[in-house]
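Feature annotation from TrEMBL assigns transmembrane segment to 6-25, 32-57, 63-80, 92-116, 122-141, 153-171, 211-232, 244-262, 324-339, 345-365, 426-446, 490-517 (among others).
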Amino acid sequence: MLNKPLLVESLIVFIAVLCVHTAVWDRYSWCAIALAIQAFYVQFKWDCLLQIGGAVFQFRTTANSGLLPASMVVPLLGIVMKERCKSAGIVFFKRFGIVVASTGMLVALFLSVIAVGITKPVPTNTCILTGIAGSIIIYTMKHSLTVSEVIEVLEVLLIFVYLSMILLYLLPRCFTPGEALLVIEGISFVLNQLIKRSLNVVESRGDPIDFFLLVTVVGVVLLGIIFTVLFLFMDSGTWVSSMFFHMMTAVLGLGVIMPWLYRLIQRNPLFWLLQFLFQTRTRVYLLVYWTMLAASACGVVFYQNAKRSSESKKHQASTITRKYFHFIVVATYVPGLIYDRQLLYIAAVLCLAVFIFLEYIRYFRIKPFGQTLRHLLSLFLDERDSGPLILTHIYLLLGMSLPVWLFPRPCAPNGTLSGAGALVPYSGVLAVGVGDTMASVLGSTMGEIKWPGTKKTFEGTMMAIFAQIIAVALILIFDSSVNLNSSYAWILGSVSLVSLLEAYTTQIDNLLLPLYLQIMLMV
């Protein structure tokens with residue numbers, strides 16, 4: 001029997017694909033439609049594999065596979081990036097958008113072929129659809145990509161295959177297939193770009209903040225893989241192992257990551273970072289303000305844990321309590337987006353590195369703080385944290401930061417896009433910080449009419465849409481760089497579509513919603 005919420009979620013994704021196709025109308029948008037149709041059918045095969053335990057790796061069981069919404073994110077991002085850079089006359093990033101779209105389609109097809117291949121009996125109709133979609137996409141790639149671009153696409157695919165085998169084996173039940181596709185594909189892109197730019201340092205001189213993001217992401221991922229393998233052979237909870245962890249972190253940081261970054265930016269990374277952070281008085285004020293917000297977030301954690309110790313019957317934080325952090329993140333990002341986006345870019349990268357490093361300490365029980373972190377963060381667990389890692393706070397940070405990191409700065413004259421695209425950096429703030437927060441808080445307290453087949457309420461969704469429209473109006477008032485050029489109807493439609501996706505998706509909404517809103521606004 002077909003799952004009605006899954007059908008509605010698929011319909012919402014198809015509407016997003018058709019919106020992009022209507023605006024772009026070229027061979028790549030036709031390929032996106034073919035990919036969406038085959039991903040819709042393959043998604044049910046993945047769901048069947050998850051239900052009977054036939055998947056090769058252990059995935060999160062409290063959600064469907066999420067293959068369709070995840071498969072379309074990277075191809076659609078590449079297509080809209082190509083169009084924006086084409087209209088701006090930036091040929092290099094137009095070609096890069098084509099590579100991104102092609103790679104996203106090929107990786108999604110690879111995941112589909114795996115599902116079809118391990119399904120017994122072999123689903124004939126789905127095989128035919130996958131073959132047709134694959135033929136269309138490969139034919140388009142053959143006539144669109146240069147030899148070097150084809151090699152780059154295949155490099156990302158190869159990295160994706162190896163990283164999938166490593167991470168899904170080491171981190172059981174942390175992802176659905178769709179979430180794994182998004183996360184591992186993103187890491188594969190970053191690693192490939194870092195290798196490519198490291199081998200062509202002279203030709204790839206760019207903004208140091210871009211290199212800082214690439215090196216940081218690859219560094220923390222490699223750090224986690226190395227320690228996971230090492231601690232298979234030794235107890236990570238002893239003082240000897242903890243000392244080894246801290247010393248090896250220092251060695252890898254100072255001996256590998258720092259020289260790597262030095263090679264890319266051609267200056268001392270620490271001196272560059274300090275000079276960048278304290279370059280203007282505005283940056284100093286923002287850093288002080290963000291430090292106060294970080295202290296308040298820590299205060300919420302300590303207060304809620306003290307409250308738990310006095311109320312032994314209450315073991316988990318409520319939805320409203322967890323949304324405190326959404327309010328704090330909104331208060332963090334909005335001033336950065338208005339006054340200094342480059343500082344926000346670097347601060348988000350540093351915060352991501354700190355979050356992942358603290359998660360390593362908690363997961364490996366590294367002394368002296370590992371056990372304390374386990375106790376403090378256990379209060380904020382929900383059904384999505386079913387694996388060995390706690391990822392919801394990292395997903396929240398990624399959801400707010402990805403629109404800032406993925407913003408095509410070279411293709412944006414004066415640092416901003418025209419029309420609805422001016423709101424692209426605010427996609428995380430609108431979709432997660434405002435929309436998701438208001439939907440959860442007001443839906444759980446006042447909502448009565450539930451969407452069919454879900455726990456989400458009609459009142460929560462309507463309030464999310466209304467709150468995001470109010471937020472857009474406030475952005476227009478306080479951010480003079482935003483000029484929507486009368487594209488209000490498109491913004492309303494985009495916000496409404498993403499709010500409906502929030503009501504029906506079972507994937508990590510902190511990660512998925514900002515990306516779809518960014519796609520819709522960039523169209």
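Keep in mind that glycine also has a Cβ here, set from the backbone N, Cα and C atoms.
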At a Cβ cut-off of 8 Å, and with pairs 6 or more apart in sequence only, do we get at least 3 pairs between the transmembrane segment (32-57) and the transmembrane segment (490-517), yes or no? no
Counting only pairs at least 6 apart in sequence, do the transmembrane segment (6-25) and the transmembrane segment (490-517) share 3+ Cβ pairs under 8 Å? yes
Need a quick answer: max count of Cβ pairs under 8 Å to the transmembrane segment (345-365), which of 63-80, 122-141, 211-232, 244-262 is it? 211-232
Tertiary contacts of the transmembrane segment (63-80) (same chain, 6+ residues out, Cβ under 8 Å): 3, 6, 9-10, 13, 16-17, 20, 24, 28-29, 31-32, 35-36, 39-40, 42-43, 46-47, 50, 97-105, 107-108, 111-112, 115, 176-179, 181-182, 185, 384, 406, 501, 505-507, 512, 515-516, 518-519, 522-523
Tell me, please, if the transmembrane segment (211-232) and the transmembrane segment (122-141) are in contact, taking contact as 3+ Cβ pairs under 8 Å between residues separated by 6 or more positions? no
Counting Cβ pairs closer than 8 Å, which of 92-116, 122-141, 244-262, 324-339, 490-517 has the most of them with the transmembrane segment (426-446)? 490-517
